[in-house]
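Chemist: Have a look at this one.
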Amino acid sequence: MDQEYERRLLRQINHQNLPTEARLTKCVSATCSPVSVKSGDRFIPTRAGSNWSINFHYANENCRSPNQNHKAKDASSDSSKDAVAYAALLRNELLGAGIETVPDPHTDDRRQAVLSQDSHSLFRYTVHTKRVPFDSDNEVSPYSLSPLSNKSHKLLRSPRKPARKISKIPFKVLDAPELQDDFYLNLVDWSAGNLLSVGLGACVYLWSACTSQVTRLCDLSVDGDSVTSVCWNERGSLVAVGTHKGYVQIWDAAGGRKLTSLEGHSARVGALAWNGEQLSSGSRDRVILQRDVRTPPSAERRLQGHRQEVCGLKWSPDHQHLASGGNDNKLLVWNSSSLLPVQQYSDHLAAVKAIAWSPHQHGLLASGGGTADRCLRFWNTLTGQALQSTDTGSQVCNLAWSKHANELVSTHGYSQNQILVWKYPSLTQVAKLTGHSYRVLYLAVSPDGEAIVTGAGDETLRFWNVFSKTRCTKESKSVLNLFTRIR
């Protein structure tokens, strides 16, 4: 008998012959690890109370720097894409799914897109009586050196959709002194000619996005008035200016001269909207006036439906319906012939200033409520039904749809002062931009639909690449003091 084995056997026999108390005393004194009552010749530690995966995870995380953690997240996102591609490849080879493109792992319908493919049983006990041609999509060419099918080759060659990255830093910042911190005003607009109009105090300034030159269009201080709204026409040749005294002035931007001054309102004009040659104006006097700038001022339509100040006006892309929002928490929809609203929505709990018509879906209208509401709501104006709503967590000041994708951007006030990019209809947040220290009250979209400009009571205008198709390679973080006080 082996001496080592004999020695272990004798030790086990002697241990079993000891009294129970002696064995317990010996075990406690020697701080032995817990083992089963029937002791053997092997040491088996108990690891039931340990979670090694969590311990090792924390140890690795603590040893990493923030930069390494960020790289690890990027690597994990890449690995998730690889896992989706690998799963699709297996489905092609084992189940004959016929997937040719790699689905996006971050979209909500990824699982549905993968599972919607035609699937077959894993084991098929059939005999092919006819030979399938070698150029079939599901078969392998006899001249190919790869065992993969043609579908799988297309899958591996399919281009990967790059991850959507929106810069959280504005590419340009302009100083805008005397930009008012008033929720009910609309003081920023971007023309089709790439000119930005801004109402600062009693003056309207034009900034060229092409040359960065600034010109002063008008000064209302001579009449003791101030600017409360600005709006370009669709061609970008005329700019309408609403004033605190209730006037609406039409200016020729190229010539720098005033064409006409329209009366009719008894209080400030805070909202303007062009519809071809017609101009709609909303005022604190609760009236909406529609006038054709080519006809005498007496030819006007008076729309009365709001009980408090009108603070939002937008015409639909088909030029058939006008949406108006007021401080009475109402959202009204008007047509071009009736003097009464054709639809009325009362779900908002605060003032409705943010209004935007979708350019992608006919009759889809989005609106946002003030501080007491904080909700984005979507409406089907064709049927009058409420579609969706989401609580943004802060006052909704402006809304604008992307021209290129089914996305929209919202600017907010109390209490977070943020800019949010949403994907519709899932209403998932694509990006959250911060930088303004006051409410982001003003928003305009560039004529190419790729950039936006936001204005706030902190007297700055910030330009963001939100809907851009191409990535911006270099961003300018300097503050350009282009708007200066003219004494």
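Any Cβ shown, glycine's included, is placed from N, Cα and C.
Sharing the feature lines straight out of TrEMBL:
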type	residues	note
DOMAIN	174-464	domain 'CDC20/Fizzy WD40'
REPEAT	220-261	repeat 'WD'
REPEAT	303-335	repeat 'WD'
REPEAT	433-466	repeat 'WD'
Chemist: May I ask for the residues of the chain that lie six or more residues beyond the repeat 'WD' (303-335) and have a Cβ under 8 Å from a Cβ within it?
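Modeler: The answer is 183-184, 267, 270-276, 280-284, 286-290, 341-346, 348-357, 359, 362-363, 365, 367, 369, 373, 379, 381.
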Chemist: Using DSSP, how many residues of the repeat 'WD' (433-466) fall into helix, strand and coil, respectively?
Modeler: 0 helix, 19 strand, 15 coil
Chemist: Counting by DSSP secondary structure, give me helix, strand and coil numbers for the repeat 'WD' (303-335).
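Modeler: Helix, strand and coil residues of the repeat 'WD' (303-335) number 0 helix, 19 strand, 14 coil.
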Chemist: Counting each residue once, how many in the repeat 'WD' (220-261) are helix, strand and coil under DSSP?
Modeler: 4 helix, 22 strand, 16 coil
Chemist: For the domain 'CDC20/Fizzy WD40' (174-464), report the average pLDDT of the model, please.
Modeler: 94
